[in-house]
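Working notes, structure below.
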Amino acid sequence: MLPRILYMNPIEHVIRQAPAIEAKLGYTFKDPQLLVLAFVHRSFINENREVNQHNERLEFLGDSVLGMLISDYLYCKLPKTPEGQLSYLRSRLVEASSCVHYIQSLDLSGYLLLGKGERMNDGRGRESILADLFEAIIGAIYLDGGLQAAKDFLFKNFHQHIEIILATPLRNWKALLQDYCQKNYQQTPLYQVLHESGPDHSKVFQISVWIQDRELGRGKGTSKKEAQQAAAADALSRVELP
C-alpha cells in the first residue's frame with residue numbers, strides 16, 4: 001500500500017517534523033532549508049505558487065554523488081573485478097528499485113510534497129518519484145555536510161543491502177546478453193578485439209560487443225574470454241534485467 005501524502009500546511013509540517021526526519025536519516029542539517037527542499041516535488045510548486053524551488057537540482061547532484069560513492073566502494077572492495085562487472089554491480093546498487101528500497105526502509109515517503117495529480121497516481125510514476133527523493137536527500141546531505149557526511153549516511157544505513165547485492169553470485173554475462181539480443185533483436189551479439197597489450201605471459205585484452213552496427217559495451221581482461229564477459233556485463237549494466 002502506498003503511503004498517504006500529507007498536504008495540509010505541507011511546508012510547515014515538514015519544518016515541524018524536521019527533527020523526526022533527521023532522526024531517521026541519522027544526520028542533523030546545519031541548513032534545514034536543504035532538508036525541506038529535498039522533499040519538494042516539481043508537481044507541488046505547480047499548485048503552490050508561493051513555493052518557487054523543487055528538488056530536481058538536488059536530485060541531479062545526488063545522482064552523481066551516489067554513483068561516485070558506490071564506484072569508490074566497489075573499486076576498493078573488489079580489486080580484481082573487471083571494469084564491466086563493476087559497472088553492472090554499480091548499476092544494481094544505484095538503479096531506481098534500489099533507491100526506492102533505501103527510501104522505504106527509512107519510512108520517509110509520507111513527508112514528500114506532491115501536487116494533487118501525483119498524489120492520486122498509484123502507478124509506476126510513484127516509484128520513480130521515490131527514487132528521485134532518495135537522490136535529492138543524498139544531494140542535500142552532500143551540500144550541507146560534504147562528501148564524508150553523504151558517505152556516512154549511505155553506508156551507515158544501507159551497508160547490509162549493499163553487501164547482499166555484492167554477495168549475489170555473478171552471472172554468465174555473455175549468455176544473458178545473447179538471450180537479451182536474441183529476444184529483442186533476433187540476432188546474436190558480435191565481439192571485437194579493440195586492443196591487446198603486454199607480453200605473451202601477461203596479455204590484457206580490450207573487447208567491444210556490438211549488435212546491428214551499434215556498440216553496446218566494452219570490457220578488459222587478461223584473456224579474451226574474461227574481456228568478453230566484462231564487455232557483456234558493461235552492456236547489461238545499461239538495460240533492465242529480471
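Glycine is treated like the rest: Cβ placed from N, Cα and C.
What Swiss-Prot annotates here:
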- D63: active site (ACT_SITE)
- E135: active site (ACT_SITE)
- E59, D132, E135: Mg(2+) binding site (BINDING)
- 218-227: compositional bias 'Basic and acidic residues' (COMPBIAS)
- 18-146: domain 'RNase III' (DOMAIN)
- 172-241: domain 'DRBM' (DOMAIN)
- 218-242: region 'Disordered' (REGION)
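Summarising the environment of E59 (Mg(2+) binding site), the number of other Cβ atoms within 10 Å of its Cβ, over all protein chains shown, is 22. The least crowded of the recorded positions D63, D132, judged by other CB atoms within 10 A of its own CB, is D63. Helix, strand and coil counts from DSSP across the compositional bias 'Basic and acidic residues' (218-227) read 4 helix, 4 strand, 2 coil. Averaged across the domain 'RNase III' (18-146), pLDDT for the predicted model comes to 89. The Mg(2+) site is set by E59, D132, E135; from the centre of their CB atoms, other residues of the chain with a CB within 8 Å are N55, E56, L58, F60, G62, D63, C99, A131, L133, F134, A136, G139.
E59 (Mg(2+) binding site) and E135 (active site) have their C-alpha atoms 5 Å apart, to the nearest angstrom. DSSP assigns E135 (active site) to a helical segment in the three-state reduction.
Cα of E135 (active site) to Cα of D63 (active site): a distance of 5 Å. Rounded to a whole number, the C-alpha distance linking D63 (active site) with D132 (Mg(2+) binding site) is 8 angstrom.
A sphere of 10 angstroms centred on the C-beta of E135 (active site) encloses 27 other C-beta atoms.
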